[in-house]
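Chemist: From Swiss-Prot, for reference:
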type	residues	note
TRANSMEM	2-22	transmembrane segment
TRANSMEM	32-52	transmembrane segment
TRANSMEM	61-81	transmembrane segment
Amino acid sequence: MLLEHVLVLSAYLFSIGIYGLITSRNMVRALMCLELILNAVNMNFVTFSDFFDKRQLKGDIFSIFVIAIAAAEAAIGSAIVSSIYRNRKSTRINQSTLLNK
């Protein structure tokens, strides 16, 4: 697969994630869009690591680190969303006024 194809796919994923994050009114959807953005970045890390220097695995290792951070972020984000849902009975971002009290 060519470098340009992977970069275009990564740009599409990143754009979809940014668009979804900006227009999302649901917290779960916002978390999913954030995961799309992180996966697009991981694709770039692995692609550039493979394309420019095949012997060193810096991009691959950093990508694994980002995946671990994304998994922790998803777990903590899901816990926060479920806690907000239990208290407010809604996961809509514009209805959540936790910081105004």
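Positions of Cβ are set from backbone N, Cα and C atoms, glycine also.
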Chemist: Which sequence-distant residues neighbour the transmembrane segment (2-22)? Criterion: at least 6 residues beyond either end, Cβ under 8 Å.
Modeler: 29-30, 32-37, 39-41, 43-44, 47, 51
Chemist: Where else in the chain does the transmembrane segment (32-52) make close Cβ contacts, counting only residues six or more beyond its ends and a cut-off under 8 Å?
Modeler: 3, 6-7, 9-11, 13-14, 16-21, 24, 58-60, 62-63, 66-67, 70, 73-74, 77
